[in-house]
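Participant: Pasting in a structure now, in structure tokens, and then I'll have a few things to ask.
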Amino acid sequence: MVEVALTTLGCAKNQVDSEIMIDILESKNYKRTDDYESAEVIIVNTCGFIADAKEESIETILQLAQYKEDGNCEVLVVTGCLAQGYSDELKEEMPEIDAMLGTGNFDEILKVIEEGLAGKKNIKISEPDFNYDDYIAETTISNKNSAYVKIAEGCNNNCSYCLIPKLRGGLKSRSIENVVAEVEQLAANGIKEINVIAQDITQYGRDLDGESKLVPLLKELVQIEGIKWIRLLYAYPLHISDELIELMAQEDKICNYLDVPVQHAHQEIRRKMNRPGSKEEILAVINKLRDRIPDITLRTSIIVGFPGESEEHFQTLLDFVKEAEFDNLGAFTYSQEEGTAAAEMDCQIPEDRKEERYEKVMNLQSEISYRRNLNWIDKEVDVLVEDYQSQKPRIMIGRSQREAPEEIDGAIFIKDTTADKGEFVTVEITEAQEYDLIGVEA
């Protein structure tokens, strides 16, 4: 039995692609291993979204290529966004690579490995049009209790800084029936939480008949037995409908949590980013969510140092962060990506100024997150226990509806509990930190 080791870089959407590849290989009697030294096949599923991600992908490829000399590796396969966008450069600079698959070619993983084991190199980069309706993922790579479910691939928003339409193509939604079948299979396999993902989940279904199908999909998913939490990630703020808000308020299975990427607050920068809508409109959506779902946790992401961002523009962003008071916020320094409209814009911001602005935003957000966490002291929350923090004394780590998986947000540390991994337990919060909460079993 051929052993395969796989490394996934980048976002959760990439993890879904890795799970599909593993499912394909395991169905043909390949065995997944975490021991890279013994693996005959090593797959690197790369990210190529921004410069830091590309650098990490290249470093990982070079590191794992050493197992061709020092280990048992016969075939090194590179997949994902870096392969999709930069296959010619990788072929020229990294002869260690035996096969490459673009974002539309994951279904050919078995073929390129078999040919690689026979000594043939392969590059398969086509248009990014992979049909997710052909596959129902049964494997979860990193978590036995939680799974990501990708309901659509690609994006039609065409933000000026973003490579996703080039690397992943336009919006391609899965059918409701296919998504439901996958979640039913995951529930049968013991998964308790699903995280609904896409580049913009609010656009789900618009490519099929012109209307968002997110609410009809969620109405189907909440009926699936065994699923306790349904978490929504990456919702474009101005596309969050009253119907969606009402469904979230009514359905206990849908987490009181929403990831709402904003990117910037100043109207001029938003226009240059090709992000429609104003700061005032975004705040109105935030207020509507909090009015209808008082305990909702809101997360956002922002970009600092976008071309032409003046001190006035940045101050507007800081003022917005103060006013919106997101529970969690991820900030990124703008990355000038070749092939995007923003890369050609004048007034590119020096790196040191980007870093300075990044630090200011994150320092501000740490104060906000801590202040909002204090509000949870003496409250009780249901927590999914995921791991040990220590055996003696016994402290477990878990997440409530407020925390997304994979260390995206903080965690809850549970003292004095007999609960084990994979169990739900009610926890009384006793202490708050900037991003984490501490409590005891209620």
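For all residues, glycine too, the Cβ spot is worked out from N, Cα and C.
Curation does not apply to TrEMBL; its annotations are automatic.
What TrEMBL records for 2-118 is domain 'MTTase N-terminal'. Sequence annotations record features per position, and here TrEMBL assigns [4Fe-4S] cluster 1 binding site to Cys11, Cys47, Cys81. Annotation source TrEMBL lists domain 'Radical SAM core' at 141-371. If you look up TrEMBL, you'll see Cys155, Cys159, Cys162 marked as [4Fe-4S] cluster 2 binding site. Taken from TrEMBL, the feature domain 'TRAM' applies to 374-442.
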Participant: I need the CA-to-CA distance for Cys81 ([4Fe-4S] cluster 1 binding site) versus Cys159 ([4Fe-4S] cluster 2 binding site), whole Å please.
Facilitator: 17
Participant: For the binding-site residues listed here (Cys11, Cys47, Cys155), which one has the lowest count of neighbouring CB atoms within 10 Å of its own CB?
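Facilitator: The binding-site residues Cys11, Cys47, Cys155 were compared, and Cys11 has the fewest Cβ atoms within 10 Å.
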Participant: Which whole-number value in Å describes the distance between the Cα atoms of Cys155 ([4Fe-4S] cluster 2 binding site) and Cys47 ([4Fe-4S] cluster 1 binding site)?
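Facilitator: Each residue's Cα considered, Cys155 ([4Fe-4S] cluster 2 binding site) and Cys47 ([4Fe-4S] cluster 1 binding site) end up 16 Å apart.
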Participant: Where does the mean pLDDT land for the domain 'MTTase N-terminal' (2-118)?
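Facilitator: Mean model confidence (pLDDT) across the domain 'MTTase N-terminal' (2-118) is 94.
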Participant: About how far apart, in whole Å, are the alpha carbons (Cα) of Cys159 ([4Fe-4S] cluster 2 binding site) and Cys47 ([4Fe-4S] cluster 1 binding site)?
Facilitator: 18
Participant: Can you tell which of the binding-site residues (Cys81, Cys159, Cys162) has the fewest other C-beta atoms within 10 angstroms of its C-beta?
Facilitator: Cys159
Participant: Roughly how many angstrom lie between the C-alpha atoms of Cys11 ([4Fe-4S] cluster 1 binding site) and Cys162 ([4Fe-4S] cluster 2 binding site)?
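Facilitator: Checking the Cα atoms of Cys11 ([4Fe-4S] cluster 1 binding site) and Cys162 ([4Fe-4S] cluster 2 binding site) gives a distance of 14 Å.
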Participant: Tell me, by DSSP, whether Cys81 ([4Fe-4S] cluster 1 binding site) is helix, strand or coil?
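Facilitator: Going by the DSSP assignment, Cys81 ([4Fe-4S] cluster 1 binding site) falls within a helical segment, counted as helix.
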Participant: List the other residues in this chain whose Cβ sits within 8 Å of the Cβ centroid of the [4Fe-4S] cluster 2 site residues Cys155, Cys159, Cys162, in sequence order.
Facilitator: Asn157, Asn158, Tyr161, Leu163, Ile164, Pro165, Gln199
Participant: Would you list the other residues of this chain near [4Fe-4S] cluster 1 - those whose C-beta lies within 8 angstroms of the C-beta centroid of Cys11, Cys47, Cys81 - in sequence order?
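Facilitator: Once Cys11, Cys47, Cys81 are set aside, the remaining close residues are Leu9, Gly10, Lys13, Asn14, Thr46, Gly48, Phe49, Ala53, Gly80, Leu82, Leu167.
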